[in-house]
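Report on one structure; see the data block that follows.
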Amino acid sequence: MREEIIVSGRNNPLIDPQLHVWHWEIPTYLFLGGLAAGVMFFAALYYLRGRENDYRTAVKLAPMIAPIALALGLIALFLDLHHKLYFWRLYTTIRLESPMSWGAWTLMIVTPVSIIWSALHIKELFPNWDWKFDFAKELIGFFEKNKKVLAWIMLISSAILGIYTGILFSAFNARPLWNTSIMGPLFLASGLSAGSAVVIWMSKNHAERKRFAQLDLMIIGIELFLIIHMFMGFLASTQVQIDAVNLFLGGPYTASFWGFVVILGMIVPAILEGLELKGYKIPVAIPVVLVLFGSVMLRFIISNAGQASRWLY
Amino acid sequence: MAIDTKKCVGCSDCVVACQTENDVPIGHCRDWVVEVMDGTYPQLEIELRSERCNHCKNSPCVRCCPTGASHYSDGGIVLVTKNECIGCSACITSCPYDARYVHPDGYVDKCTFCLHRVKKGMQPACVAVCPTKCMYFGDLDDPGSEVSEVLKKRKYKTLIPEAGTKPQLYFLI
Ligand code: SF4
Ligand code: SF4
């Protein structure tokens, strides 16, 4: 038997798995970032494919929640910082090796793009909107002319943002549960799923809802595939990673992960969306809320469980 | 730094010395003592280790710091510049040894090997105070230094070398 105790007393927050350094702020920020990435990605994609009139909600309306989500996410991130007065330091350095630095700079691009895209379509929401000042009109005109370029920037930067929400975790080798490159694609998929759910919710157009329900079904399939691969990878790996994944296979996070994330957040909405596609009448809010819930829970559970997983020595 | 697990008696003087020397806020510490018990009664074996930041050569904390506050200083000592740290805690999550903590003032703090003392030619506080003289501090690149000498003579291990951080604390076994 092996027993390890700290005899001198230590109150570093990580020594107790219950005490985490990252609380609700980081998973919230990652969820909102992923959601924003999802809606922006589809908006850019369908604009570039020339479907803006078929999929009006996706291209013109849904992206308007992106700046709001990003602003709230940034507030959450800011609340997480303990040395808030030095926030600006993030923007005096570019550190390619640091995922936090990547995130800060990606947001620096994504946020203005999301604001400009929303401004370009504000008339869809408020038909009588008037850009009172001439320079504002000129600016809008300029972006209107270069909308294709803007859409490309949005497509790429939102994909980076979506992947980044997972990379922030996977870059930490000290927390074995996070240390898998599947996190990037998994979180991107989760963000896209949340984004398409929002489009389904907002859209009044049957064809558009159908399209996004199909898309969401496909994405959920990909997520399940990635999760299975994550487990296979972990179980075939070293003892620390086997221990880490056991948090979900009998450990304290088993019920919440399988129940909330996989069953309620993926399988149930997938079944409901499938039934709806088959013609059954299902209140659209149910699968949408479940998908969003699953996406939030995924981030919270991975964040908390990851901080409970550690190297043994 | 090399630490003799055979000489250490687990008195925690190093912990107290560090807290005093570096004004470590109450409830936190930059170094701590671990007692590992192996075996079944009556065949028991105890290992005592005074642990702290390993001043890793390939440190994830420096790598993941978005502002460059965590950096390598002279002689490979890993330091945090207070006024550059935004307190994002990325480095805390990245350290496999849990060597860092958030100081109540907001920045992240950890062992500095008492660089301020070393610059004056003194030993780090923990090394100076140890009643069993179980710690050896010096330049690992200098083959004539006390640490290098003791590492030549004795068997040693580092903690979780498989984490890939190239830790620079050597535990004599
Ligand atoms: S022990 Fe932790 S804090 Fe110290 S250098 Fe290594 S990774 Fe960084
Ligand atoms: S908490 Fe400070 S030292 Fe640590 S990664 Fe963030 S900015 Fe760098």
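For all residues, glycine too, the Cβ spot is worked out from N, Cα and C.
Taken from TrEMBL, the feature transmembrane segment applies to A:29-49 (among others). Away from its own ends, the transmembrane segment (A:29-49) comes close to residues 55, 58-60, 62-63, 65-67, 69-70, 72-74, 76-77, 80, 103, 107, 110, 113-114, 117, 147-148, 151-152, 154-155, 157-159, 161-162, 164-165, 168, 187-188, 190-196, 198-199, 212, 215, 292, 295-296, 299, 303 of its chain (Cβ-Cβ under 8 Å, at least six residues beyond either end).
Per TrEMBL, the feature transmembrane segment maps to A:61-82 (among others). A Cβ distance under 8 Å defines the sequence-distant neighbours of the transmembrane segment (A:61-82), meaning residues of its chain 6+ beyond its ends; these are 22-26, 28-33, 35-36, 39-40, 42-43, 107, 110-111, 114-115, 117-118, 121-122, 124-125, 195, 198-199, 202.
Outside the transmembrane segment (A:102-122) by six or more residues, the chain places 33, 36-37, 40, 43, 59-61, 63-64, 66-67, 70-71, 74, 90-91, 94, 96, 129, 140, 143-144, 147, 150, 153-154, 157-158, 160-161, 164, 167-168 with a CB less than 8 A from a CB of the stretch. According to TrEMBL, the transmembrane segment annotation covers A:102-122 (among others).
With a cut-off of 8 Å between Cβ atoms, the residues of this chain six or more beyond the transmembrane segment (A:149-170) that come close are 26, 30, 33-34, 36-38, 40-41, 43-45, 47-48, 99-100, 102-103, 106-107, 109-110, 113-114, 116-117, 143, 178-188, 191-192, 299, 302-303, 306. Annotation source TrEMBL lists transmembrane segment at A:149-170 (among others).
The transmembrane segment annotation in TrEMBL covers A:182-203 (among others).
If you look up TrEMBL, you'll see A:215-235 (among others) marked as transmembrane segment.
Residues or ranges marked as transmembrane segment in TrEMBL: A:255-272 (among others).
TrEMBL lists A:284-302 (among others) with the feature transmembrane segment.
When Cβ-Cβ distances below 8 Å are used as the criterion, the transmembrane segment (A:284-302) is approached by residues 24, 27-28, 30-31, 34-35, 165, 169, 177-178, 183, 186-187, 190-191, 193-194, 197-198, 200-201, 209, 216, 220, 253, 256-257, 260-262, 264-266, 268-269, 272-273, 276 of the same chain, each at least six residues removed from its ends.
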